[in-house]
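Novice: Before we start, here is the structure in question, set down as structure tokens.
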Amino acid sequence: MRTLWIMAVLLVGVEGHLMQFETLIMKVAGRSGVWYYGSYGCFCGAGGQGRPQDASDRCCFVHDCCYGKVNGCDPKKDFYTYSEENGAIVCGGDDPCKKEICECDKDAAICFRDNKDTYDNKYWFFPAKNCQEESEPC
């Protein structure tokens with residue numbers, strides 16, 4: 001029951017473009033980003049510190065770094081445009097900043113897909129106390 005409540009809170013907290021990120025993860029990786037990566041390892045979900053625990057957690061670390069390089073728009077709230085061409089996600093639109101957000105999300109979704117086999121349930125709702133090591137630079 002506690003897990004369902006936490007997932008409901010995570011879903012309510014998803015704003016603007018973060019729902020687009022969820023959609024991209026579903027399209028590319030074939031699984032729910034909120035469910036699988038909403039609170040995984042040291043970097044998936046809110047915040048992020050320490051060292052990535054596995055390749056899936058590293059996808060989130062790289063995604064956080066990518067968002068950190070975006071200037072001129074809000075990666076968590078602004079909407080972007082994309083299309084699907086021959087099964088591939090193609091980021092579009094006239095706004096280079098929003099296109100950057102899309103590229104960050106697309107790369108993370110591909111990373112999740114390519115690292116599904118590294119996903120380990122022991123990192124789901126991983127305690128923050130286990131993420132105290134110094135973070136590596138982006």
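Glycine residues also receive a Cβ, built from the backbone N, Cα and C atoms like all the rest.
Given the structure is predicted, the values throughout are model-derived calculations rather than measurements.
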Novice: Consult Swiss-Prot and report which candidate among C59, C60, C65 shares a disulfide bond with C111.
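Specialist: In Swiss-Prot, C111 forms its recorded disulfide with C59.
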Novice: Given that Swiss-Prot annotates F43, G45, G47 as binding Ca(2+), state which candidate in D54, D64 belongs to that site as well.
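Specialist: Between D54, D64, Swiss-Prot records just one in the Ca(2+) site with F43, G45, G47, namely D64.
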Novice: C42 pairs with which of C104, C131 in a disulfide, per Swiss-Prot?
Specialist: C131
Novice: Between C102, C104, work out which one Swiss-Prot annotates as bonded to C91 by a disulfide.
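Specialist: Between C91 and one of C102, C104, Swiss-Prot records a disulfide, namely with C102.
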Novice: Considering the candidates C97, C104, which is the cysteine that Swiss-Prot reports in a disulfide bond with C66?
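Specialist: So the cysteine paired with C66 in Swiss-Prot is C104.
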Novice: Rounded to a whole number, how many Å is the Cα of C44 (disulfide bond) away from the Cα of C138 (disulfide bond)?
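Specialist: Each residue's Cα considered, C44 (disulfide bond) and C138 (disulfide bond) end up 15 Å apart.
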Novice: Nearest by CA distance to C66 (disulfide bond): which of the recorded positions is it, out of F43, G45, G47, D105?
Specialist: D105
Novice: Using a 10 Å radius around each Cβ and all protein chains in view, which of these binding-site residues has the most neighbours: G45, G47?
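Specialist: Counting Cβ neighbours within 10 Å, the top one is G45.
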Novice: So if I draw a 10 Å sphere around the Cβ of C97 (disulfide bond), how many other Cβ atoms end up inside it?
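Specialist: 16, counting other Cβ atoms within 10 Å of C97 (disulfide bond).
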Novice: In terms of Cα spacing, which of the disulfide-bonded residues C42, C97, C104, C111, C131, C138 are within 10 angstroms of D64 (Ca(2+) binding site)?
Specialist: C104, C138
